[in-house]
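Over in TrEMBL, the protein carries these features:
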REGION    1-21  region 'Disordered'
TRANSMEM  41-67  transmembrane segment
TRANSMEM  73-91  transmembrane segment
TRANSMEM  103-124  transmembrane segment
TRANSMEM  130-149  transmembrane segment
TRANSMEM  154-173  transmembrane segment
TRANSMEM  219-238  transmembrane segment
TRANSMEM  245-270  transmembrane segment
TRANSMEM  276-298  transmembrane segment
COMPBIAS  317-327  compositional bias 'Acidic residues'
REGION    317-363  region 'Disordered'
COMPBIAS  328-337  compositional bias 'Low complexity'
COMPBIAS  354-363  compositional bias 'Polar residues'
Amino acid sequence: MAVNHDVLGSHSAAPPHADRSDAKISDLVTASLTDPANRPLLIGGAVCLALFGLLFRESLWHFYYAWTTDDNYSHGFLVPFISLYFAAQIFKRGPVAARSGVALGSLLLTLALLVHLVTIPLPIPFLGDLALLVALAGAFTLLAGSAALKRYWFVFFFLIFMVPLPVALYARIASPLQLLASRVASAFMNATGVPVLCEGNRMTLPGGVQMFVAEACSGMRQLTGFLALSAAVAYLCMRPVWYRVILVAAALPIALFANIARVVVTGYIMHFVNPAYASGAYHTLEGVLLMGFGLFLLNSVCMLMDLFCVTPPETGAEAEADPDADADAGSSRGGRSILQGADGWAGGRITGKLSLSTPEELP
């Protein structure tokens, strides 16, 4: 009887989740593709992608045209790959709880198709681009379930950073930023002994040297880049909600400050060195260096907030927790940053050796 009891007990025990933490993504994908149970999902996904390519071909062309012709959106090619990285890391956590996504998926697809129909008589590429992202999320929910969307939501949200803004909206944002950069830079240079006459976006330096703050120097590129970076770090870091909100909000003043510093440095180069070194490849190199300065400021903000935020280490029981339970708790507990130093976030750094997050550590 004891033997029978043990046998029954072994059959009644729930099968443990497969450990994917040490497996390669390529092996996991290959195993998923060869699993007969996944064939309906794979076939449905392939059909949906083909239909999306046909239905949203104008949006796909708009993406390609904007990314290849406008330097403000040249980063767009990287965004899908970064989102795929997030998806790969989440995929390693194991299977998602089975939960029907027919209602939510159908709602998202219907909304996306309605918006797409609106863009036929009213050619507004921005709406069509957003409709494509919503349709992708809807199809994913319909095939994988609502629990899968709850776990993979950031993968679709991050794709927003590849969408080009409407020209009118971009101009309304960039123009005030141009004026702000010109006025603040002129005031700073005047305060440091370099007389500057600021007339709109045009700055007149001593000797009649003209310096024009163009739309490309408005700071929109830095703003987009820092927003994307801070959003990714906020999603990955093991910190409370207020920490993440401040981290994302800090992207705006950091981008503005870095851009103003770039204008000031350009003015100093034109006045003290040579105007030739303030254009062309030198100007591009200057922008790259000041982008690093912005990253330093972002790191400083994280170090400052870490003084008020201490995360207790995970216990063994927490590390072996069920992946689905861990996913539900992710909004409050979060995951460790992909950019960890030797001591991680507890040491107040977001730079250092690159280390991949483990499945239990992702939010």
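Keep in mind that glycine also has a Cβ here, set from the backbone N, Cα and C atoms.
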Q. Which residues of the same chain, at least 6 past either end of the transmembrane segment (154-173), have a Cβ under 8 Å from a Cβ in it?
A. 62-63, 66-67, 70, 72-73, 75-76, 79-80, 82-84, 86-87, 90, 124-126, 129-130, 133, 136-137, 140, 215, 220, 224, 227-228, 231-232, 235
(Q) Quick test of the contact rule: Cβ under 8 Å, at least six residues beyond the ends. What residues does that give for the transmembrane segment (103-124)? (A) 55-56, 130-132, 134-135, 137-143, 146, 149, 166
Q: Residue list, the transmembrane segment (41-67) vs rest of chain: Cβ under 8 Å, 6 or more residues beyond ends.
A: 33, 73-74, 76-77, 116, 125, 128-129, 131-132, 135-136, 139, 143-144, 162-164
(Q) For the transmembrane segment (130-149), give me same-chain residues lying six or more residues beyond its boundaries with a C-beta closer than 8 angstroms to one of its C-beta atoms, as numbers and ranges. (A) 41, 44-45, 48, 52, 55-56, 59-60, 96-102, 104-113, 115-116, 119, 156, 159-160, 163, 324, 327
